[in-house]
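Reviewing the structure listed below.
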Amino acid sequence: MFAIIGPTASGKSDLAIKLALKLNYEILSLDSLSIYKEIDIASAKPSKEELSKVKHYGVNEIYPNEKFDVMKFIEIYKKIPHKNIIIVGGTGFYLKAMLEGISQMPEITDEIKKKAKQKDYAFFESVDPDFASKISPNDTYRIQKGLEIYFATKTPPSVYFKNNPPKPVLPDIPIFEIAVDRSVLRERIKKRTDKMFNSGLIDEVAYLEKKYRDRRLPALKAIGIKEVLDYFNGKYTLKTLKEKIITNTARLAKRQQTFNKTQFKKKISAPLEELEEIILSEIK
C-alpha cells in the first residue's frame, strides 16, 4: 500500500490507474468531489471505462445531498478486504487525518446540535478557555463542534481529547508526490477546464440544480459548480466563466501544494514523467 499526492490536475488519477494495472492493485480515492454520484464532469473523476478496468473505492459512494467527512473515508478504507491499494487524491487533509488518526467522537443528537447553536464564543470560552484560546472567535464551525462535545459528554473538549487521543488508521506508508511547476500546472488546469466544458459541464450543473434545488449543499459549492451557478444568474459571460474556474482551480492547487509541502515531510517527490519508474522500483 502506498499513496500518491499532488495538486489538482497534476495527473494523479492517470498515474494511479497505470500503476494499479501493472501491480494488480486497486485504488482508494480521497477526493472530496469524486465521492459523489452524478458529479462526473466537474469532479474530473475517472471515466466509466477506467472505473471498469480498476476497482475504485471512494468514488460514486454518496449522493450530492448527503453529508460526509473524514470518517466516511475511514469507513470505506476499513471495508476494503485487502490492502493492495493505491491511495490517491488532492485532498491531503484526509490522508493526514488517516495517518495521524482522529479521536473517537461521541454521539451527537439533533437536540445537542440545536443546543450548541444557541451558544456563542463567550460561553465556549467560559467552559473551555484552553481550547477556545486556540481558535478564532469567528470560527463558528469549530466552536459548534466543541460545544457539541461539551454538551454530549459534560466534559470540556480539551479534556475530552486528552482522554481520547487519536489512533492512526493507516500504517506508515510510502508517500509519493507529483512535483509540478506552477506554470505547467496552470496549463494542465486550462486544458482540463476546456475538456470539462466540451464534455457538458454546464448541462451537468443544470441537472444538479434542478434535481437538488439547494445551492447551499457543500457539493454545489465546489469549484466548477459554484461558478456555473453564478453564470446562470448572469454574473459571468461564458468566457469569463471559464477564466474564473481556471483561476479558482489554480488557487486551490497552490493551497494543496503548500499543504503537502508542510504536512508530509517524509515523501518522495519527482516530476510526473519520472514518478512511475521510481514508484515501481520502490514498491517491487
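Even glycines carry a Cβ here, placed using N, Cα and C.
From the options 31-34, 111-114, 259-262, the stretch Swiss-Prot describes as region 'Interaction with substrate tRNA' is 31-34. Take the mean position of the Cβ atoms of Thr8, Ala9, Ser10, Gly11, Lys12, Ser13, the recorded substrate site; other residues of that chain with a Cβ within 8 Å of it are Gly6, Pro7, Asp14, Gly90, Ile178, Arg188.
Gly6 (ATP binding site) falls within neither a helix nor a strand when secondary structure is assigned with DSSP, and so counts as coil.
The 10 Å shell around the Cβ of Gly6 (ATP binding site) contains 26 further Cβ atoms across the protein chains shown.
In this structure, the CA atom of Ala9 (ATP binding site) is 12 Å away from the CA atom of Thr91 (site 'Interaction with substrate tRNA'). Most Cβ neighbours within 10 Å among the recorded positions Ser10, Thr91: this distinction goes to Ser10. A sphere of 10 angstroms centred on the C-beta of Gly11 (ATP binding site) encloses 19 other C-beta atoms.
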